[in-house]
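Everything on this sheet refers to the single structure shown next.
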Amino acid sequence: MKYIFLIGLLLITYGAAGASIIDGEDGYRLWLKYDPINDDDLRATYAKQVSSFYLSGDSDTMKVIGEELAFALNGMLSQAKQVNASQAGLIVAAGDKANALAARHKLDLKAAGDEGYLVYQVQHGNAEKVMVLANTEVGALYGTYRLLRQLQTRQPLADMAIVSQPDIQLRVLNHWDNLDRHVERGYAGESIWDWHKLPDYRYQRYVDYARANASIGINGTVLNNVNADPLILTDHYLEKVKALADMFRPYGIKVYLSVKFSSPQLVGGLDTSDPLDEDVQQWWQAKVDDIYEHIPDFGGFLVKANSEGQPGPGDFGRTHAEGANMLASALAPHGGTVMWRAFVYANEKNEERSKQAYSEFKPLDGKFDDNVLVQVKNGPIDFQPREPFSPLFGATPETPLMMEFQITMEYLGFSTHFVYLGPMYEEVLSADTYARGEGSTVAKVIDGSLFDNNTSGMAGVANIGTDRNWTGHIILQSNWYVFGRMAWNPQISAEQVADEWVRMTLSNDNEVVATVTEMMMKSHEITVNTMTPLGLHHIMGAGHHYGPAPWVDSLGRADWNSVYYHRADDEGIGFDRSPSGVNAVEQYFSPLKEQLADPATTPEKYLLWFHHLPWDYQIKSSGRTLWDELVHRYYKGANDVKALEQQWDSLKGEIDPLQFHQVQMAMDIHVKEALWWRNACVLYFQQFSDMPIPDGLPKPEKSLKQYQKMSFPHAPGQG
Ligand code: BDP
């Protein structure tokens with residue numbers, strides 16, 4: 001009787017959700033699911049081709065290749081066997097062995113470089129074999145993942161002839177993770193690094209993290225927050241860092257650390273951190289030598305200096321170059337790199353914020369040591385939903401610049417909005433700087449080809465945490481994925497990447513793939529409309545950055561306030577960065593600077609970024625007044641989110657119920673928050689325009705005052 005009651009209760013509790021409690025995909029496996037291939041013919045064909053494999057060695061990296069192949073092929077084909085070369089359908093080889101095979105089949109292994117690979121199907125004796133060949137073992141690992149992707153996306157192996165090597169050398173995640181496991185701007189649980197239990201306790205999650213990164217070519221990780229805790233450089237923590245580095249090494253991933261510039265004082269007992277002081281230099285040298293004792297392939301340092309209260313060389317009257325070079329010379333003997341951030345702005349400068357990074361770094365061009373990269377955020381302000389590219393890209397021919405993208409969704413809905421960042425990254429990378437005439441894209445600056453730099457890099461601020469699905473939202477896994485794919489190949493299309501990600505993560509059904517890919521491709525534009533249409537920016541809640549707050553006007557620094565950025569008044573709205581205003585356009589090359597100087601030739605998506613325009617200014621594409629267009633975009637954005645939700649709902653039954661349900665719950669929040677943004681912003685700006693919400697549009701539910709009163713002291717991710 002008791003049991004019948006319990007079972008009944010369970011049915012009532014869980015039956016309502018429609019899915020059983022444990023049966024489903026919770027997202028942990030990311031895009032490396034390797035579920036069985038149901039098509040019998042295809043499975044049999046693949047099995048014949050690659051289920052027996054040969055590895056050319058038994059190093060740690062070859063071991064993980066073998067493990068991944070066994071796991072993946074058993075999963076997809078229900079069979080996998082490591083055999084000798086003559087029996088194998090698949091040969092994975094690196095180094096001399098790969099060179100010999102390449103020569104025999106007249107393949108050019110040089111084209112694979114240090115990290116790339118060839119994946120070919122060749123006639124070998126009287127058998128057809130699939131070969132993954134690389135100069136290095138990590139190249140063979142990347143090639144293995146490339147081959148597996150072919151199976152995961154159900155593409156044929158016959159006649160494969162793929163040559164690939166990364167265009168960018170350093171492809172790194174930046175974790176803004178604190179030592180107490182709080183993640184600054186993190187919305188997916190705590191930090192995955194359990195510092196307290198390291199170095200002894202090594203979660204399987206660390207291995208799966210490395211696998212996921214290696215599968216998309218990420219080869220570095222900065223473990224800790226740019227707002228760095230100096231304790232990371234103490235022996236106690238270096239032991240822990242070493243444990244992670246040891247785990248990641250077979251996967252080709254190097255570990256880097258964010259360092260606090262004043263560490264010599266804070267943990268070294270010195271009374272200065274002046275980069276030109278000899279004791280300071282010696283302290284860093286000794287510290288770096290010590291790190292390399294622990295971690296022979298340590299990657300180097302990431303530094304946020306003289307920015308948002310962080311210490312830096314400026315505190316001692318020195319330049320960013322002097323600060324960076326001091327660290328660079330300590331790292332150089334070991335082959336380490338300094339990634340020095342250009343995200344600097346200071347109130348005292350009395351210069352408009354968007355111009356400051358350029359003003360500070362352009363004069364330092366050519367003054368940095370060879371092992372320094374300057375890391376620049378994609379836009380001139382701060383990871384806004386949309387920004388024009390930073391004018392620093394193209395402005396420093398003698399200094400290699402790294403791209404810094406934000407993968408975590410600080411300004412794009414935390415972890416509850418359906419936003420694929422591929423199109424945004426693509427928009428930035430394909431933008432033309434005109435630094436050396438037409439075709440001088442940001443991608444070519446970043447990959448070093450425009451100025452023939454000898455190093456290159458791309459960083460992404462990670463969206464990873466302890467949530468089972470890693471990123472707090474299944475769809476946002478695609479942003480981690482696309483970051484890696486674009487760091488390997490900055491020319492790849494966002495759409496192609498979306499297609500392959502959907503196939504590996506959600507479904508290989510062509511209709512599902514087409515629907516979700518289409519949703520992903522439009523999602524960024526939609527979200528920009530819901531938050532900051534027409535080039536508006538920085539009008540989110542103060543501090544936590546959650547929700548709309550264009551009214552913020554009382555923070556300590558002018559350029560922390562929303563009103564500084566939108567400048568709405570009775571006359572109009574927008575920031576005049578043209579020559580009649582702060583002349584930020586002067587930092588761009590011609591003909592872009594002339595184009596952006598004139599509202600008539602400024603792309604509408606950046607209109608209010610560069611111009612303050614009257615409320616009745618006529619918008620070219622629609623013929624509407626600026627006010628009507630603004631309202632139209634906010635309403636359209638919110639409607640489009642609703643339509644996205646309906647599109648998602650149409651997939652019910654087509655994808656895994658747990659995945660489906662997770663996204664559905666988040667979509668509900670996205671819909672609500674899009675309405676909130678719309679209502680709050682339209683009511684707020686209406687005070688200035690004094691114009692009506694056009695007929696036929698529903699009026700906001702609450703008053704402006706009510707929206708302004710909403711408060712979220714415990715919103716996640718705060719700094
Ligand atoms: C801002 C974040 C802040 C970061 C800062 C940075 O709000 O938490 O510390 O960027 O990049 O967007 O240093």
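Backbone N, Cα and C define each Cβ position, glycine as well.
Annotated features, as they stand in TrEMBL:
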{"type": "DOMAIN", "residues": "30-147", "note": "domain 'Alpha glucuronidase N-terminal'"}
{"type": "DOMAIN", "residues": "151-470", "note": "domain 'Glycosyl hydrolase family 67 catalytic'"}
{"type": "ACT_SITE", "residues": "E308", "note": "active site, proton donor"}
{"type": "ACT_SITE", "residues": "D382", "note": "active site, proton acceptor"}
{"type": "ACT_SITE", "residues": "E410", "note": "active site, proton acceptor"}
{"type": "DOMAIN", "residues": "471-696", "note": "domain 'Glycosyl hydrolase family 67 C-terminal'"}
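For the active-site residues E308, D382, E410, counting C-beta atoms within 10 A of each C-beta gives the highest total at E410.
With respect to their backbone Cα atoms, E410 (active site, proton acceptor) and E308 (active site, proton donor) stand 17 Å from each other. The two recorded residues E308 (active site, proton donor) and D382 (active site, proton acceptor) have their Cα atoms spaced 12 Å from each other.
When DSSP labels each residue, the domain 'Alpha glucuronidase N-terminal' (30-147) comes out as 54 helix, 27 strand, 37 coil, counted as helix, strand and coil in that order. When pLDDT values are averaged over the domain 'Glycosyl hydrolase family 67 catalytic' (151-470), the model yields 97.
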